[in-house]
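Per TrEMBL, the feature domain 'Plant heme peroxidase family profile' maps to 38-342. Taken from TrEMBL, the feature disulfide bond applies to CYS48-CYS128, CYS81-CYS86, CYS134-CYS338, CYS213-CYS245. Here TrEMBL flags HIS79 as active site, proton acceptor. The feature Ca(2+) 1 binding site is assigned by TrEMBL to ASP80, VAL83, GLY85, ASP87, SER89, GLU101. The substrate binding site annotation in TrEMBL covers PRO176. Annotation comment: TrEMBL describes HIS206 as heme b binding site. Summarising the annotation, TrEMBL assigns Ca(2+) 2 binding site to THR207, ASP258, THR261, ASP266.
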Amino acid sequence: MASLHESRFGFVHHCLILVLLSAFYFSCSSSVYVSDPPLSLDYYKKTCPTVLEIVRREMECAVLSDPRNAALILRLHFHDCFVQGCDGSVLLDDTITLQGEKKAPNNKDALKGFRILDRIKNLLESECPGIVSCADILTVAARDAVLLVGGPYWDVPLGRKDSRTVGYELSNTNLPTANDGLLSIISKFIYQGLSVTDMVALSGAHTIGMARCVNFRDRIYGDFPVTTAVDPLSMNYLKTLKSQCPPVGEDNKEAAMDYLTPNLFDNSFYHILLRGEGLINSDQELYTSAFALQTRKLVKKYAEDQVAFFEQFAESMVKLGNITEPDTFVDGEVRRNCRFVNT
Ligand code: HEM
């Protein structure tokens with residue numbers, strides 16, 4: 001267990017992991033990763049007992065005013081955790097001395113929802129100043145986001161610290177993209193200590209939210225890494241998508257990733273994959289890729305059994321939220337404003 005954990009930070013190149021991948025791929029059904037720092041469920045019990053209520057109330061308002069906000073917060077949490085661990089680094093604004101992650105190519109124009117976190121942070125700073133980290137706020141807010149649009153509940157271990165650093169370069173290498181092939185995506189999850197099962201379940205997050213034209217253009221106009229011929233977008237669906245996303249321009253125009261129930265957290269994302277109608281290529285790869293032996297089985301399972309999907313999603317979200325970069329906890333702080341490190 002220890003050696004896997006250590007290797008997480010030792011392997012700089014994903015390609016090295018790919019060499020090991022075949023062994024993992026056929027043997028691992030769940031991650032053996034464990035977080036180092038002492039996260040606990042009652043971390044704020046004495047210092048800020050109302051933290052969970054405050055986050056929930058604000059997330060209720062945010063999701064009620066626009067259900068899309070649930071998707072924005074969930075994605076922010078994912079992009080936080082995959083870059084130097086769940087340390088609030090994604091929330092930092094650019095300054096003269098710091099090039100934040102927000103403008104890294106994989107995040108630019110794609111991450112939103114920061115104001116929701118500012119609001120929650122302000123309330124918590126009035127209630128219990130200097131106590132609750134932005135990383136913890138984001139982790140709890142993501143859990144509440146899922147719950148509020150119909151998804152499962154899970155307990156969130158707390159006690160993360162906020163980083164004083166950002167991972168601009170890591171945002172480019174660690175985050176999966178729409179055009180990544182299946183093996184590349186699996187390797188990026190294994191690098192974080194997450195299994196193939198975690199990856200397929202967490203991809204179910206795409207049951208809510210939108211993707212921009214720039215991320216599905218290659219898919220609808222045929223210029224993508226076709227791995228088998230069995231992933232037809234139905235003609236009508238394709239026609240609609242093409243009318244929303246022209247071959248050139250309109251990069252930021254959006255379409256729902258789950259056109260069946262875009263604002264509901266359910267398992268229809270997997271039904272869509274079974275029909276070959278995944279909006280972004282990397283999602284469809286879970287079912288259609290020539291390497292999709294294990295992932296195809298999981299897609300079918302979650303399509304048939306929403307309870308199994310919810311249980312695994314909750315378990316995998318805890319693992320995602322526990323990803324840590326040990327340095328953050330040594331040098332970490334509780335930011336007073338999520339956008340800037342404390343002076
Ligand atoms: C498996 C690899 C993944 C890939 C390749 C991927 C890629 C993407 C892409 C390309 C988009 C559209 C972004 C845009 O066009 O602006 C997106 C949206 C989204 N992703 Fe993922 N993602 C992955 C995993 C995850 C995970 C693990 C989560 C959360 C647990 C997540 C949550 C979301 C959400 C909620 C949205 C919608 C955001 C919105 O509505 O603005 N994704 N993802």
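Including glycine, each Cβ sits where the backbone N, Cα and C put it.
Unlike curated records, TrEMBL annotations are generated automatically.
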Margin query: Near ligand 1, which of the recorded positions show up if the criterion is a Cβ under 6 Å from one of its atoms? Options: VAL83, CYS86, ASP87, PRO176, THR261.
Written below: PRO176
Notebook entry, point to check: Which of the listed disulfide-bonded residues (CYS81, CYS86, CYS128, CYS134) has the least company, meaning the fewest other Cβ atoms within 10 Å of its Cβ?
Noted result: CYS128
Item checked: ASP258 (Ca(2+) 2 binding site) versus CYS245 (disulfide bond) - Cα distance in angstrom -> 16
Next item on the list: Work out how many Å separate THR207 (Ca(2+) 2 binding site) and the residue listed as 'substrate binding site' at their Cα atoms, rounded off.
Entry: 17
Next item on the list: Quick one: give me the count of other CB atoms within 10 A of the CB of CYS48 (disulfide bond).
Entry: 19
Checklist line | PRO176 (substrate binding site) to ASP87 (Ca(2+) 1 binding site) - Cα separation in whole Å | finding: 19
Next item on the list: Using ASP258 (Ca(2+) 2 binding site) as the reference point, find which of the recorded positions CYS81, GLY85, HIS206, CYS213, CYS338 has the shortest Cα-to-Cα distance to it.
Entry: HIS206
Notebook entry, point to check: So what pLDDT does the domain 'Plant heme peroxidase family profile' (38-342) average out to?
Noted result: 94
